[in-house]
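Here is what Swiss-Prot records for this protein:
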- 1-28: signal peptide (SIGNAL)
- CYS46-CYS54: disulfide bond (DISULFID)
- CYS66-CYS72: disulfide bond (DISULFID)
Amino acid sequence: MGMSKSIKVIVSLALILFLALAATKVEATRYISYRGMNHGDHAIHCDKAHPNTCKKQVANPYRRGCGTIERCRRDTGRK
């Protein structure tokens with residue numbers, strides 16, 4: 001029930017070809033182009049004629065965290 005020798009050779013060559021193509025060097029640039037920098041963190045349809053569409057999105061809004069009165073971190077209530 002084993003594979004014939006010619007099928008093993010074909011499968012092995014196909015595997016080697018696949019691995020050789022997968023290991024090729026990717027063409028990458030060292031610097032960001034001006035085209036990429038023009039978009040920035042504005043909305044997709046940002047236009048100088050319509051400044052309402054150019055509002056930046058808040059990524060991480062400020063939260064003060066846990067206060068003493070909430071007793072959620074180090075304060076266990078024991079004295």
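Glycine is treated like the rest: Cβ placed from N, Cα and C.
Features per Swiss-Prot, on structure.
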| residue | record | DSSP class |
| --- | --- | --- |
| CYS54 | disulfide bond | helix |
| CYS66 | disulfide bond | coil |
| CYS72 | disulfide bond | coil |
Measuring Cα to Cα, how far is CYS66 (disulfide bond) from CYS54 (disulfide bond) in Å?
34
Round to a whole number and give the Cα-to-Cα distance in Å for the pair CYS72 (disulfide bond) and CYS54 (disulfide bond).
39
